[in-house]
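Chemist: One structure, pasted below without further comment.
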Amino acid sequence: MSGGDTRAAIARPRMAAAHGPVAPSSPEQVTLLPVQRSFFLPPFSGATPSTSLAESVLKVWHGAYNSGLLPQLMAQHSLAMAQNGAVPSEATKRDQNLKRGNWGNQIEFVLTSVGYAVGLGNVWRFPYLCYRNGGGAFMFPYFIMLIFCGIPLFFMELSFGQFASQGCLGVWRISPMFKGVGYGMMVVSTYIGIYYNVVICIAFYYFFSSMTHVLPWAYCNNPWNTHDCAGVLDASNLTNGSRPAALPSNLSHLLNHSLQRTSPSEEYWRLYVLKLSDDIGNFGEVRLPLLGCLGVSWLVVFLCLIRGVKSSGKVVYFTATFPYVVLTILFVRGVTLEGAFDGIMYYLTPQWDKILEAKVWGDAASQIFYSLGCAWGGLITMASYNKFHNNCYRDSVIISITNCATSVYAGFVIFSILGFMANHLGVDVSRVADHGPGLAFVAYPEALTLLPISPLWSLLFFFMLILLGLGTQFCLLETLVTAIVDEVGNEWILQKKTYVTLGVAVAGFLLGIPLTSQAGIYWLLLMDNYAASFSLVVISCIMCVAIMYIYGHRNYFQDIQMMLGFPPPLFFQICWRFVSPAIIFFILVFTVIQYQPITYNHYQYPGWAVAIGFLMALSSVLCIPLYAMFRLCRTDGDTLLQRLKNATKPSRDWGPALLEHRTGRYAPTIAPSPEDGFEVQPLHPDKAQIPIVGSNGSSRLQDSRI
């Protein structure tokens, strides 16, 4: 080792977990690491010009260990960390990463991820896709796509975030030129977080409106109803608070004039809740009841995330499990109703001829891709709070299967009630089936009015929607907050993370106000159709290419083996390299070929609105090439090819976040020079230096003399 290399190298001997530091017995056992925090000991003797650095450091270590100075130093170091807030409570003593924190236990992570993946789409989109694409036959391509695309991508994102212990921006130290992928994920999460909370606020509004003896959308005798209203129930027979029976003449009138007549639930939704304007450009007034519910929704999200994953991890014990209780209650009630079996058979009866249609496979792939939350950044973020050796392979399988099983289960709940409604009206199930907001706020609420004690069932249904939405919203907000905090990375923002969460929540509330106007539903559906559509496919495809082919599949497989103790199974290796990217490309092509201009009921969106939608979609995708060009301009290199190589190779700080996990090829050997960006203290003439490596290299304790 040359003299220049010895200027800041330090010794880090092996440590015994149960008995504290163990002094090395030979220079070969000394590992040289960069200086991060320094404690100073009195001058030592024994180092001569002919003595090697390792031998000198070894003598210092033996002297400090045998004299008891080293344990005192380590105790003082721990005390200083505690005083600085690094060890604030007994809970964090269980954390591996004192800087960022970890989940309280593994159940919290699994429940949070289940709540993130299982959202409103499982209830209002999957059942509709299933019956439209061949009923039970749709299950075949659905689970094929789950096995070959869904679970592999889910595992990739979980392992990516867990290995680096960073959010969707920090993980791109793996290949800095592709950091734009992380920014694209942030943009997507921002869009979804804005409009998703508006859907939750509408569910809050319906929940509060259900706290009444008679549901306000049950009859046509309200001030907002028109002459075209024809309900299943006849308000004229409402006497002494009794529930009327549907009159055959009224039903006949409703069915014969279905094109001209509207249901009371539809008029309640369109004329009272939304006060819908006639055009997307006509904002009208802000609906104050919805604005208030939006504030409640954002307040709930903020309070649940006020301490990051420490608080949200406790909330999900309820928010991620109670929806299953409600689903089970609604299922038991639904299957006992007359006509429920017809609805379930309509949902499950296979039409095998549709398996040969490309559209069915495209819908199956798209539903798997979107329902699991891939490329949103949330999976990477949630996994970044795992402990390093957590078995994320097992978690990815459990969570993915739970998500898909929930979708199938929700289909039974939805179609049992819709079958009852169709039987009551004497029409085919297809006449009452719907998806999206039309199912959640029109069709299903109307079906609930036919049940005894209908307000109770309505309360349960909308409470379930609220919890399903909040589970996803927690992760969307945490994705943005974690990305900001990790990117800044200093001690101040770590201590002020609550204020960052508050700032993001307030910004989300303000940006959501236009969606509570009379034209709000038009903008909500525009964002839903464009902001998180093909852009997710592009982001996910580039992520696969960057990890598997730029960073290298062998490197990534070795990383996973170091983290989990075993390499990814051969099936996942093949899927990551070939199958999943091919499926993603198929989804992208299918999305382009099957593109149709957006409509809402019979309203056709104008060209300028569609253009805004495409701009929203492109805004997340363009982050990738724009940041790549920026990175190339900032990277050293004599030629473009050299710059490209330097910009795509992993940065110096890529790898496990904690030094105790940086083994093998990640184990540092020689301290970098000051020009590498590390601060190296000069050797002091009158005292020897034994640097004690801390958990945060950006801050340094003061001179400590013993």
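Glycine is treated like the rest: Cβ placed from N, Cα and C.
Note that the structure is a prediction, hence the values are computed from the model and not measured.
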Chemist: Candidates are SER265, SER651, SER698; I want to know which one Swiss-Prot annotates as phosphoserine.
Modeler: SER698
Chemist: Pick from 1-26, 79-104, 625-650: which range has region 'Disordered' per Swiss-Prot?
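Modeler: Checking Swiss-Prot against the ranges 1-26, 79-104, 625-650, the region 'Disordered' one is 1-26.
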Chemist: Any chance the transmembrane segment (450-470) and the transmembrane segment (188-208) have 3 or more Cβ pairs under 8 A, given the pairs are 6 or more apart in sequence?
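Modeler: Counting Cβ pairs under 8 Å (6 or more apart in sequence), the transmembrane segment (450-470) reaches the transmembrane segment (188-208), since there are 3 or more.
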